[in-house]
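J.: Once you've had a glance at the structure underneath, I'll fire off some questions.
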Amino acid sequence: MGTASGAVALLLVVVLGASVSGSSGQLQVGFYSKSCPSAESTVASVVRGASAADSTILPALLRLQFHDCFVRGCDASVLIKGGNNNAEVDNGKHQGLRGMDVIENAKAQLESVCPGVVSCADVVVLAARDAVAFTGGPSFGVPTGRRDGKVSNLRDGDVLPDVHDSAQVLRSKFRASGLDDKDLVLLSSAHTVGTTACFFIQDRLYNFPLPGGGVGSDPSIPDGFLSELKSRCAPGDFNTRLSLDRGSERVFDTSILRNIRSGFAVIASDAALYNDTSTVDVVDSYSGLLSTIFGPYFRQDFADSMVKMGSIGVLTGANGEVRKVCSKFN
């Protein structure tokens, strides 16, 4: 999400702070309990090993699910590699997407014990769920039983939300995927972990359309924070990375919402959430000191939104396929 880019499976049979229904359509929590009992623990082990070598892979895996599910649904179409730069993953909106090697590693291990059983689409969702818990977020069960898609087109990625989108555009794109304003805020709050490249804030710092004409810096950025961002991202610097959640990039918490509320959102699409009455109220509802006592409950609601996103456009039953290798069709 943006460029942000989430659960140890043995612990996930106990839902901690997340209310998850037993099934979602033809999806079901524990779908592989008989056909491949080690499926979830295998994915969790691979994610744990990858994060031990590179902790930044956790937000990347979370972002990977978002990018997969928002394009053609959660069907692993983003994992397909095209020979002529014409696959979905080649779309510029997927720039910087990582974690595909982790998915392939988990899939290879699953193929060795349960060949042709566990879909790549489910591995993506399970890995994101694990990544959330490994960053200190909620542990929750996710319905599985997805099948892998058979289509991957470059232009399909155009539907993804963009860092330059207004709140109205973001709300429209989320509604098109069956998600509401609450889901928009909650899933954007995944930016509580991870970083972004200066590439994605260059326009906001130096080429923002000004009300009186011309371009400059986004006037909504507080002066002190603007100076801080410019000191990290000089004009033309596309590669330097900075935290999406100022002061709390490695911990899953509500700090990102407090930063958005205070004007310290790094990317424009996060800042936009506090410029629309429909999303302002949602941001505020999780930012109060008493929300952890009286609700709404951020961790539970975030888990619910993740499950909801994981149900977008799924293929089940005889639809699609179960790939042998995630990066290519059977």
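Just so you know, glycine gets a Cβ as well, placed from its N, Cα and C.
As listed in TrEMBL for this protein:
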type	residues	note
SIGNAL	1-25	signal peptide
DOMAIN	26-330	domain 'Plant heme peroxidase family profile'
SITE	Arg63	site 'Transition state stabilizer'
ACT_SITE	His67	active site, proton acceptor
BINDING	Asp68, Val71, Gly73, Asp75, Ser77, Glu88	Ca(2+) 1 binding site
BINDING	Pro161	substrate binding site
BINDING	His191	heme b binding site
BINDING	Thr192, Asp245, Asp253	Ca(2+) 2 binding site
J.: Name the residues of the same chain, 6+ apart in sequence, whose Cβ is under 8 Å from the Cβ of Asp253 (Ca(2+) 2 binding site)?
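T.: Gly136, Thr192 - these are the non-local Cβ neighbours of Asp253 (Ca(2+) 2 binding site), listed in sequence order.
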J.: Only counting partners 6 or more residues apart, tell me which same-chain residues put their Cβ under 8 Å from the Cβ of Asp68 (Ca(2+) 1 binding site).
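T.: Same-chain residues close to Asp68 (Ca(2+) 1 binding site) (Cβ under 8 Å, separated by 6 or more) are Cys74, Asp75, Ala76, Ser77, Val78, Leu79, Ala121, Val124.
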J.: Test of understanding: give the count of other CB atoms lying within 10 angstroms of the CB of Thr192 (Ca(2+) 2 binding site).
T.: 27
J.: Could you check which of these recorded positions, Arg63, His67, Gly73, His191, sit within 10 Å of Pro161 (substrate binding site), going Cα to Cα?
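T.: So far as Cα distances go, the recorded positions lying within 10 Å of Pro161 (substrate binding site) are His67.
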J.: I want the residues beyond Asp68, Val71, Gly73, Asp75, Ser77, Glu88 whose C-beta is within 8 angstroms of the mean position of the Ca(2+) 1 site's C-beta atoms, in chain order.
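T.: After dropping the recorded site residues, what remains is Cys69, Phe70, Arg72, Cys74, Ala76, Val78, Gly149, Ser152, Asp156, Gly313.
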J.: Mind telling me which of the binding-site residues Gly73, Pro161 has the densest Cβ neighbourhood, counting other Cβ atoms within 10 Å?
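T.: Of the binding-site residues Gly73, Pro161, the highest Cβ count within 10 Å belongs to Pro161.
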J.: Starting from the Cβ centroid of Thr192, Asp245, Asp253, the recorded Ca(2+) 2 site, name every other residue in that chain with its Cβ within 8 Å, sequence order please.
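T.: Neighbours within 8 Å of the Cβ centroid, excluding Thr192, Asp245, Asp253: Ser189, His191, Val193, Ser248, Glu249, Val251, Phe252, Thr254, Ser255, Ile256.
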J.: Within 10 angstroms of the C-beta of the residue listed as 'active site, proton acceptor', what count of other C-beta atoms is obtained when all protein chains are considered?
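T.: There are 23 such Cβ atoms around the residue listed as 'active site, proton acceptor'.
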